[in-house]
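Enquirer: Relevant sequence annotations retrieved from TrEMBL are reproduced here:
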- Ser145: active site (ACT_SITE)
- Asp302: active site (ACT_SITE)
- His332: active site (ACT_SITE)
- 63-220: domain 'Alpha/beta hydrolase fold-3' (DOMAIN)
- 275-335: domain 'Alpha/beta hydrolase fold-3' (DOMAIN)
Amino acid sequence: CHLIHYLRLSHHLLVLNYLICTFDKLKSISSEDINITDAVFDGVEVRVFEPPAKRDEKLKRSVVYIHGGGWALASARTSLYNNLCRIMAESLNAVIVSVEYRLVPEVCFPEQFHDALRATRHFLQPDVLAEYSVDPSRIAISGDSAGGNLAAAVCQQLSKDEQLTVRPKLQALIYPVLQAFDFNTPSYQQNMNMPVLPRYVMINYWIDYFNGNYDLAHSLLINNHTALDVGQALSFRGRLNWTSLLPSSFKKNYKPVIQTTGKAEIIQEIPGLLDVRAVPLLAENETLQLQPKTYILTCENDVLRDDGVMYAKRLENAGVEVTLDHFDDCFHGCMIFTMWPTDFSAGIQTRNSYIKWLDENL
């Protein structure tokens with residue numbers, strides 16, 4: 001992945017995703033335990049995992065799941081996510097809807113957000129819930145990494161939709177990417193060269209998501225886009241002040257990187273950098289107050305650790321009940337690595353904790 005990014009081949013993400021999906025994409029293979037079907041929800045492909053009906057059981061709980069991969073990689077149909085959703089369906093006795101949103105470079109922001117929102121809104125319609133025998137009062141929206149970004153953004157949008165009669169009871173975000181305002185939070189500084197997701201790769205994913213220019217990467221890395229003289233960013237600065245949002249155990253001895261003079265033209269060229277549909281951590285308090293009970297899983301060895309911790313704090317300050325589930329010895333992406341040859345104990349540990357919380361709260 002990093003080599004293809006570095007060499008900028010053809011379109012590196014097309015090459016990489018072709019390799020991933022050619023060797024790993026699975027057809028919908030049902031079993032006695034779980035019925036797996038592919039469907040289309042308002043023009044968006046989804047994969048639905050349904051456990052068999054139990055005697056005297058009328059309605060099931062449900063999770064809408066949005067996969068990670070930098071808005072550009074993976075699929076609801078790859079073995080890693082297929083396995084995760086199957087285990088969730090079995091463990092929770094729940095209907096799992098895995099969203100197959102379109103990817104970079106086919107589409108860029110805001111289309112991934114629109115896909116996730118359309119599929120979720122469609123599923124939340126009472127007649128669709130009835131078709132799948134889902135209890136309207138027991139639905140969660142969840143996702144990991146870039147999928148956690150989309151889940152948070154969709155949840156914020158749904159909370160303000162007055163036409164909806166059904167809204168998620170919970171949101172569960174797994175090491176979510178939530179902001180592109182500050183690439184020098186303590187976790188970005190501490191884990192800048194950490195395998196799986198080094199800082200420069202995360203910045204490149206953001207640039208790809210916004211269909212931006214790689215020449216801007218260094219300016220983003222040193223926070224030129226949110227310098228003190230960039231007027232568009234000023235109103236957001238207080239919503240992402242990690243010196244007040246992070247506990248001292250995460251701040252350690254790191255110092256903020258705030259440029260006095262920067263490049264306002266970056267925001268003009270990529271306005272999505274300050275669009276809450278892409279960066280949910282920058283949402284106003286009035287929106288955060290409307291969010292459902294929330295679970296956020298973070299890992300110490302992850303540039304995105306502080307995104308999740310800061311969102312948990314902002315939600316808590318807004319009056320939302322939040323569970324922050326932090327793992328000191330785990331890394332970004334670990335939860336899907338539970339199958340041979342990448343069956344890591346970190347994956348089993350985080351997945352079990354996540355499913356346990358859903359089971360107890362959904």
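FYI, residue positions are counted from 1 along the chain as it appears here.
In case you wondered, yes, glycine gets a Cβ from its N, Cα and C as well.
No curator has checked TrEMBL annotations; they are predicted automatically.
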Enquirer: Neighbour count, 10 Å Cβ-Cβ cut-off, for Ser145 (active site): what number do you get?
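Expert: There are 29 of them.
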Enquirer: In whole Å, note down how far the CA of Asp302 (active site) lies from the CA of Ser145 (active site).
Expert: 11
Enquirer: Average the pLDDT scores across the domain 'Alpha/beta hydrolase fold-3' (275-335) and report the rounded value.
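Expert: It averages 97.
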Enquirer: With DSSP as the reference, give the number of residues of the domain 'Alpha/beta hydrolase fold-3' (275-335) in helix, strand and coil.
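Expert: Taking each residue of the domain 'Alpha/beta hydrolase fold-3' (275-335) in turn, the totals are 22 helix, 19 strand, 20 coil.
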Enquirer: Using the alpha carbons only, what distance in Å do you get between Asp302 (active site) and His332 (active site) once rounded?
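Expert: For Asp302 (active site) versus His332 (active site), the Cα atoms are 5 Å apart.
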Enquirer: Tell me which residues of the chain lie with their Cβ under 8 angstroms from that of His332 (active site), as long as they are six or more apart in sequence?
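Expert: In sequence order, Ser145, Tyr175, Met194, Val196, Leu197, Cys299, Asn301, Asp302, Val303, Leu304 meet the Cβ cut-off.
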Enquirer: Just counting, how many other CB atoms are there within 10 A of the CB of Asp302 (active site)?
Expert: 27
